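Structure record follows, encoded as structure tokens.
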Amino acid sequence: MTLELLKKYFPALTDDQISKFEKLEELYKDWNLKINVVSRKDIDELYLRHILHSLGIVKVQSFNPGSKILDVGTGGGFPGIPLAIMHPESAFHLVDSIGKKIKVVDEVSEGLGLENVTSFNQRVEELNGNYDFIVSRAVAVMPTFVRWVKGKIAKENVHERKNGILYLKGGDLSDELKDYRTAKIFELSDYFEEDFFQTKKVVYLPMKYKG
């Protein structure tokens, strides 16, 4: 799977975005030899399993200029770095408690010249700030995740959709989401035809500001 996969689903990519996504693969392959943040199997399918998967969030919600997005448990930078490439006028804060993963985030961001990415090597519960949307990729079950990010949603809505969580998940979520009646599930197979996305979803959960 190559860069053509991204062009297929995002035909409006600018030359600068295409250049960054191209360089992204080189940077991750290089850094993954030093610090294993992506499995050996997945690194060969980086565009499909990590980059395009991250961009599934964009199919559900794009971010307006000036918005602030928090990526919780970012690992080596997913979904935050691909989202930051797509939204150069939005601010992305990427947090992870594991220092070596944040090292990769910093090096990749610097290598791409991404000025809209800030990293934090700490637990999300210790992070101060309010965000329009909080994104992540299956780092915990929803009740735990909601507890982690409580109090981090911005008061004002700058998008048509209310501020909240955009969570990349997979499988049967009926039990996990039974207490969240306002949650909405978007099937990524509705947007991407590859088999990998058959069970993949974006869960949107609106959240209220708690001052």
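Each residue, glycine too, has its Cβ placed from N, Cα and C.
Per Swiss-Prot, the features are:
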type	residues	note
BINDING	Gly73, Phe78, Val124, Glu125, Arg137	S-adenosyl-L-methionine binding site
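According to its DSSP assignment, Val124 (S-adenosyl-L-methionine binding site) is helical.
Sequence-distant neighbours of Arg137 (S-adenosyl-L-methionine binding site) (same chain, 6+ residues apart, CB-CB distance under 8 A): His53, Ser54, Gly73, Gly75, Phe78, Pro79, Tyr167, Leu168. Of the listed binding-site residues, namely Gly73, Phe78, Val124, Glu125, the sparsest CB environment within 10 A is found at Glu125.
The full span of the recorded S-adenosyl-L-methionine binding residues, Gly73, Phe78, Val124, Glu125, Arg137, taken as their largest Cα to Cα distance, is 19 Å.
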